[in-house]
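A.B. asks: Checked TrEMBL, it gives:
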TRANSMEM  12-36  transmembrane segment
TRANSMEM  56-78  transmembrane segment
TRANSMEM  107-128  transmembrane segment
TRANSMEM  140-161  transmembrane segment
TRANSMEM  194-211  transmembrane segment
TRANSMEM  218-240  transmembrane segment
TRANSMEM  260-285  transmembrane segment
TRANSMEM  297-316  transmembrane segment
Amino acid sequence: MFNEVLLSNEVIIYLVSQTILLILQIFALFWVFDIVKNWDFNSTKPKQYRLEKNSYLVMLIIFFALIVKIALIPYFAYVIDNLSNIVPGAMCAAGVISANDYGVKLLALKVFIVFFNSIWIIVNSEDLKEKNYPYIKIKLYFFMFIFFLVLIEYILDILYFTNISLDEIVLCCSVIFGVQGENTLPLGLDTTKLLILFYLFYLLNIMANISKQALLSFVVNIIFLYVAYLSVVEFFGTYIYELPTHKCPFCMLQKEYYYIGYLLWSMLFLGVFYAISSFVLKFLIKKELAYTYKYSIIFNTIFVLICTLYVGIYYLKNGVFL
């Protein structure tokens, strides 16, 4: 039987966009092999001149495809959230993303692809600033790696959307993330300890970035990402929903909450990304970019302020904490 999910306008737009982007990247890949194999900037042969001309087009195609794929991430979140209107039992994207065995894997892979795409864009930017394109082979090999992930992502996209059943009831977010009142935090943490860790690692993040310690910033932000996710789900999110039992990272993407989830999660991703990228770029291109430390502080600070403001505003309005 044909899967009715595929008749959704949002799903059609998403899959068509993914298909077009994949075709563009396949086209670029053929030129990439030729450039990587034969590139020699110091050569004066006509073939090198041809490769340089072709490289401009190839880089433009890759840049466009990677930028659009980054932009498709919030649209993907919108698509699965919208599907909660037709998938039985789903109240938000949480139920839809867990509707089969492919959803969570697909979402995780998409986050990694956005990270790698963003790294490629920075490397490309640094390469274009130099007259002899010193990083061209690095960024093309890196694109090959990204393309491999994109191919897996496309297969998972198809498997995920074609295996969402409209006949079986999925779990809602209250079941997935639990509302029974038991402590679901790992390592014996309670909410107070979690919040202490949240603000502690935020301060460590600032210190590591100010001192431009790439490795320390990398480690601190990996931990901060996990702690921040738990803190939003277990504590800060309840102030967004103004309900102590509502613990879901997806419902805040909805209109009822002014789509604040898109801003919140974007700030966290950007803050952590720039911190991690400072270390990765030192490994890839042996270059330290000072602005990565600055942007990490800025975006992580915006994220922390948003979380804290929701708690403060609720207390000012109601005179109590949840």
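Each residue, glycine too, has its Cβ placed from N, Cα and C.
Keep in mind that TrEMBL annotations are predicted by a computer and have not been checked by a curator.
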A.B. asks: Would you mind listing the long-range same-chain contacts of the transmembrane segment (12-36), meaning Cβ under 8 Å and 6+ residues beyond its ends?
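C.D. replies: Long-range Cβ neighbours of the transmembrane segment (12-36): 6, 51, 54-55, 57-58, 61-62, 64-65, 68-69, 72, 75-76, 79, 136-137, 140-141, 143-144, 147, 150-151, 153-154, 157-158, 161.
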A.B. asks: Would you call the transmembrane segment (194-211) and the transmembrane segment (107-128) in contact, using three or more Cβ pairs under 8 Å, pairs 6 or more apart in sequence?
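C.D. replies: Touching, no - the transmembrane segment (194-211) and the transmembrane segment (107-128) miss the threshold of 3 or more Cβ pairs under 8 Å.
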A.B. asks: Take the transmembrane segment (297-316) and find every residue of the same chain, 6 or more past its ends, with a Cβ under 8 Å from one of its Cβ atoms.
C.D. replies: 198-199, 202, 205-206, 209-210, 221, 224, 228, 231-232, 236, 239-240, 242, 260, 263-264, 267-268, 270-272, 274-275, 322
A.B. asks: Six or more residues out from either end of the transmembrane segment (140-161), which same-chain residues have a Cβ under 8 Å from its Cβ atoms?
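C.D. replies: Distant contacts of the transmembrane segment (140-161): 3, 5-6, 11, 14-15, 18-19, 21-22, 25, 28-29, 32, 35-36, 62, 66, 69, 100, 102-103, 105-106, 109-110, 112-113, 116-117, 119-120, 123, 284.
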